[in-house]
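Listed in Swiss-Prot for this protein:
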type     : residues : note
SITE     : TYR13    : site 'Important for substrate specificity'
ACT_SITE : ASP70    : active site, proton acceptor
SITE     : GLN71    : site 'Important for substrate specificity'
SITE     : GLU155   : site 'Important for substrate specificity'
Amino acid sequence: MPQKLILASTSPYRRELLSRLGLAFDVANPQTDESPIFGESPESMALRLSEAKARAAAQAYPDALIIGSDQVATVNGNIYGKPGTHERAVKQLRELSGKTVNFFTGLCLLNARTGEAEVRGIPTLVTFRELTDSEIDNYLRREPAYNCAGSAKSEGLGIALMSSMRGDDPNALVGLPLIALCDMLRKQSLGVL
């Protein structure tokens with residue numbers, strides 16, 4: 001019997017990206033503590049949390065293939081998470097103005113039946129233009145990116161804040177690296193094509 005595919009995320013962006021592959025899947029809320037561990041690197045945190053989300057969903061889906069993903073944005077070791085409010089988003093964008101940000105996306109595919117997990121990290125470097133307060137305010141009023149690490153949606157109007165982007169998979173920046181995921185699914189005998 002083929003294994004059910006589960007996306008361990010409540011993110012509408014990840015759900016939309018996964019739906020592009022044309023595979024049937026269900027969504028699970030992973031209920032994971034996303035607090036950083038003292039001394040943990042941002043990259044290690046994203047990898048740990050992507051696997052933790054998949055393993056949390058395995059409690060309800062012990063026979064499934066489960067996808068977990070997590071993303072952190074960093075500049076000089078400082079982590080920029082989801083701002084949550086307009087004021088924090090303004091502060092983040094002021095701090096990121098003119099800087100290159102490392103968006104690191106952790107991806108896990110867990111075979112809950114066997115307990116085996118494959119975990120990968122996909123970096124994307126984004127350079128923000130020098131932003132004026134007026135541009136920041138106009139952007140956030142038109143596209144309140146309060147639930148996005150770094151306060152900008154590259155798949156929307158946020159692209160206007162950026163001067164360059166470097167990475168292997170543009171989907172990684174949105175939160176689900178589809179190139180790596182397709183490879184991982186093939187290894188589990190679930191080909192997309």
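Cβ coordinates are placed from backbone N, Cα and C, and glycine is handled just like the others.
Structure coloured by features recorded in Swiss-Prot.
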residue	record	contacts (Cβ under 8 Å, 6+ apart)
TYR13	site 'Important for substrate specificity'	GLU155, VAL174, GLY175, LEU176
ASP70	active site, proton acceptor	GLU34, MET45, ALA46, LEU47, LEU49, SER50, LYS53, THR105, GLY106
GLN71	site 'Important for substrate specificity'	ALA46, PHE103, PHE104, THR105, GLY106, ALA149, GLY175
| What three-state class does DSSP give TYR13 (site 'Important for substrate specificity')? | helix
